[in-house]
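Student: The structure's right below; bear with me while I get my questions together.
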Amino acid sequence: MAKRVSILDQHKKPSSARVRVAVRLRPYMEKEDEKAPAACVRGLDSQSLEIVNWRNQLETMQYQFDAFYGDSATQREIYMGSVCHILPHLLIGQNASVFAYGPTGAGKTHTMLGNPSQPGVIPRAVRDLLQMTRTAAGGPENENWTYTITMSYVEIYQEKVMDLLEPKNKDLPIREDKDHNILIPGVTQKTINSFGDFDEHFIPASQNRTVASTKLNDRSSRSHAVLLIKVQKSQQVSPFRQLTGKLYLIDLAGSEDNRRTGNQGIRLKESGAINSSLFTLSKVVDALNQGLPRIPYRDSKLTRLLQDSLGGTAHSVMIANIAPEQKYYFDTLTALNFAAKSKQIINKPFSQETTQSIAALPAMKRPREEAETAAGSRQRKKSKTDSTESSPNTSMDAASKRKLNLAALDPAVVERLLKLDKILTEKGMKEAQLLSTPKRERMALLKKWEESQMEIERLKEKQKELEQKAIEAEARLEKSTNSDCNLSDSSVSECTFRAPLRGRNTSTAKAKKVLRVLPMQGNSQLQSTIEEGIPVFEKKKKKPVSCDGRENQPTWEVNVRTDLLESGRERILKLLNTGSVKELKSLQKIGDKKAKLIIGWREVNGPFKNVEDLASLEGISAKQVTSFIKANILSIIAS
């Protein structure tokens, strides 16, 4: 059962937490600006900046935020000043989010990822989070608590949520549970115990993100990337509380002006999807600031995923990245206006706590449920059951009766009973889990268990009957087989084989399979040769008849006489050396082309010494020569 707990007190309303907005100015690149050497943005102090008013060049517009970082600010300053303070909220079951916003080429990915010498927000946050959980787990107040950290990494590409840890080319759905938590069913989750584990999963996954080159950015992100770090704090003793905090680290794709980027084809389609989702994001911010009854979170996958971060239950930090060049003036102005509106959004963080309760107190039971329970117990008493099967019901009824008097007991006695229940739970006794089950569910489970036991007994009896029938059928088969095998070879005209019936459902024997010894059939020429008294085949050996159930085994072996084979080979060789094209074509596997090849080879190299010399011809292999001999030997002998 999930409980939503406030930051300060469970019985008070949740405290409000405004979205904190920080602005980072990218260093000025003189080589990119062809119009003017001066920057269009200038920082005033650590929280405010000014930009030239495009309507009146003599005026400037000032903006104030939670933090402003100039072009000389380091990655560490940004992380320590705006991000690290939200991480402790994860250890008490609250959500947090950090997302980078700004036009293309303003440095969002550098702020979130960085490089090996200057790591960004993501690696620093993961490293500190791992260190915080190790420190908290070693404290005496968390002796019975364990911490588990998992990560998921997805991208929103053309309004499709794609898994980056295990790419499947499948659009993942975004769902909302009964406690209004946003989740992605089916997304890959990897457990991380050290920063090395994180690097092992994150670096290959980052290479799966879609990037491309445009006129404004050599490595432009074509999708929104979302890294989800989940921290789960679990209590190992009763009441087994569980606190779950989620950290969203989001690198948004930048808005693009296709007239300047020169996007075409697939890049134009990607740019349209990016601009559409960012426009929906601005509509969500406007609706939250105006207090509208409907917030268009569902109009885009991006805003649906950011629902917790904007007007939801997370501690949110937005880092707006801007560029100082004159050609980015309107992009910078749009980003500053969006950041100014975002800092007015109010979130209401809660601790997401799940408690595995012990047994529900009987005082909380409704009168109707008590009446149904009593009626069910009276009906069970009237039913006829075995004494052994009724003993669990009796013990559980007694336990229920003891629970009914719990509210009337002395508080000290109640406390001792709860301690005893805790001891039983820690020892892993099955009865503790059984007592925590509602009575109606308990009786339904027992009824199903009894029915399954009866079904098992019926199946056992049926199995015994089938085994007995199989044994009887096997005995009859063995007796019949022995009588058949005792017959003499001269009187045997057929041998009957029966398959054993072990495992069959019926005792009826299978139909007999008969193997008959049939006379060998040959062609007319071969038959006439045999009738003339020239024995072509000689009898080698008769195999014994086997009655072990193997069928289709020949009982005779025959060999062709070797002198006839040699005679046939000589006649084939003679035909190869003296035959014309027509005579050669009368041989099997010899056509017009091969006949001409044989005559040509014979004219150049002289007569063949043996039939195997055919392999010397172009296009005739040794395997084909063997096939040629087999195909012609019998017909040559019979002719």
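We count from 1, first residue shown onward.
Glycine residues also receive a Cβ, built from the backbone N, Cα and C atoms like all the rest.
Remember, predicted model here, so these are calculated numbers, not experimental data.
Below are the features listed in Swiss-Prot for this protein:
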DOMAIN    18-345  domain 'Kinesin motor'
BINDING   Gly102, Pro103, Thr104, Gly105, Ala106, Gly107, Lys108, Thr109  ATP binding site
REGION    358-400  region 'Disordered'
COMPBIAS  388-397  compositional bias 'Polar residues'
COILED    439-484  coiled coil
Student: On the 0 to 100 scale, where does the mean pLDDT of the coiled coil (439-484) fall?
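Tutor: Residues in the coiled coil (439-484) carry a mean pLDDT of 82 in this prediction.
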Student: Which of Gly102, Pro103, Thr104, Gly105, Ala106 (the binding-site residues) has the most other Cβ atoms within 10 Å?
Tutor: Gly102
Student: Per 10 Å Cβ neighbour count, which of the binding-site residues Gly107, Lys108, Thr109 ranks highest?
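Tutor: Of the binding-site residues Gly107, Lys108, Thr109, the highest Cβ count within 10 Å belongs to Lys108.
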Student: Please report the DSSP secondary structure of Gly102 (ATP binding site), reduced to three states.
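Tutor: For Gly102 (ATP binding site) - judged by DSSP and reduced to three states - the answer is coil.
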Student: What is the set of residues, excluding Gly102, Pro103, Thr104, Gly105, Ala106, Gly107, Lys108, Thr109, whose C-beta falls within 8 angstroms of the centroid of the C-beta atoms at the ATP site?
Tutor: Arg26, Ala100, Asn217, Gly254, Asn321, Ala323
Student: Translate the DSSP assignment of Lys108 (ATP binding site) into the three-state scheme.
Tutor: helix
